[in-house]
Number of protein chains: 2
Amino acid sequence: MRTELIILGVDPGLTRCGVGVIEAGAYRRLSFIHVDVIRSSIDVSQDLRLLTIWEGLNAKMDEFVPDVVSIEQVFAQHNINTVLGTAQVAGLAMVAAAQRSIPVAVHTPSQVKLAVTGNGKADKLQVERMVARILNLNKLPDPPDAADALAQAITHALHPAGELQGGEREQHLTPAQRQWAEALKKQQQNKSRMHGRGM
Amino acid sequence: MRTELIILGVDPGLTRCGVGVIEAGAYRRLSFIHVDVIRSSIDVSQDLRLLTIWEGLNAKMDEFVPDVVSIEQVFAQHNINTVLGTAQVAGLAMVAAAQRSIPVAVHTPSQVKLAVTGNGKADKLQVERMVARILNLNKLPDPPDAADALAQAITHALHPAGELQGGEREQHLTPAQRQWAEALKKQQQNKSRMHGRGM
């Protein structure tokens, strides 16, 4: 019987999309497998940028055949200039996983910082250092941006609650996240009522 | 030589994604081909909802083999509760087109209203009526939501400037849109400078 779990973490981004792969074995022993950044040029159109990221994500999933894909949660409050592209890349990662029937987990940046460093407000270097320590790397993750993708995968290994994508997931949200989720649900219900005539 | 152009318009949405297909012939004669709404259930997880929309969009592109795909522009200022899902669906439509080497056009809601009705602030019913008139439909588009997808395709037939996805497109933006595009570009440049160390 196979007991290890291959977890592919994604730090979504249109210019740089981090991908980190770890193995979670018995007794929560975590091993490093792979880390990389999929890049798209800012000089080409949005559709071609997204296609590049899409192909990169699919190639990673084909290569590492993860048991679960864990993606950083995107919030609409984030940097308004980049949030749409980031959300689109997160969506592509979800579809690439769903097409392979791989469960999708979502963890927020503060959940990741808390899980990896014990401090929900840790800075980037603290996260990098703890990722290196947890995975027994003899230097900081390279490229540095990809540390977030490894941290995302580690978080899922330690706190897999994010895997529950439906209603149950809401039990694990912070008050602010729950408020957000409720507003979102309410909005969707209103919308489906408003548009119900064609259904 | 083929002179007609098959245009597939997309009104992106996670709960309801409108798809409208028209043919633009000689002398800008426009003909109705198809209209539909791809739906995803709000009761399943985000990854499965996106997969449903992805499969629907791919099926439409396989069926109608458009020469161009025209997608409503999503702005981060829009309804904060639904904008991320809407952006994700727009991203999926872009990738589905780009995978087939189909050019992608983007037109804003006000460009669509202006092109279809002559009034950038027209209401939904005015748009529906003009779509029916332009395409010689003997009743309003059904389902009504999908009128926006047909209107998007019509806009592209009449004002194809949105096809220019790169720098040239910016010449056709309103001052607010140009400001947005500039802020976005600046942000991306800053980001790529900040993260340049690993490149």
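A Cβ is built for glycine as well, from the same backbone N, Cα and C atoms used for every other residue.
Because TrEMBL annotations are produced automatically, they should be read as predictions rather than curated entries.
Lifted from TrEMBL, the feature list:
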- A:Asp11, A:Asp145: Mg(2+) 1 binding site (BINDING)
- A:Asp11: active site (ACT_SITE)
- A:Glu72: Mg(2+) 2 binding site (BINDING)
- A:Glu72: active site (ACT_SITE)
- A:Asp145: active site (ACT_SITE)
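What TrEMBL annotates, mapped onto the structure for a quick look.
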| residue | record | DSSP (3 states) |
| --- | --- | --- |
| A:Asp11 | Mg(2+) 1 binding site | strand |
| A:Glu72 | Mg(2+) 2 binding site | strand |
| A:Asp145 | Mg(2+) 1 binding site | helix |
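The C-beta environment of A:Asp145 (Mg(2+) 1 binding site), restricted to residues of the same chain at least 6 apart in sequence and closer than 8 Å, consists of A:Asp11, A:Arg16, A:Gly18, A:Val37. Proximity to chain B (CB-CB distance below 8 Å) holds for A:Asp145 among the binding-site residues A:Asp11, A:Glu72, A:Asp145.
Around the Cβ of A:Asp11 (Mg(2+) 1 binding site), 27 further Cβ atoms fall within 10 Å across all displayed protein chains. The Cβ of A:Glu72 (Mg(2+) 2 binding site) has A:Val10, A:Asp11, A:Pro12, A:Ala90, A:Val106, A:His107, A:Thr108, A:Pro109, A:Val112, A:Asp148, A:Gln152 as same-chain neighbours under 8 Å, each 6 or more residues away in sequence.
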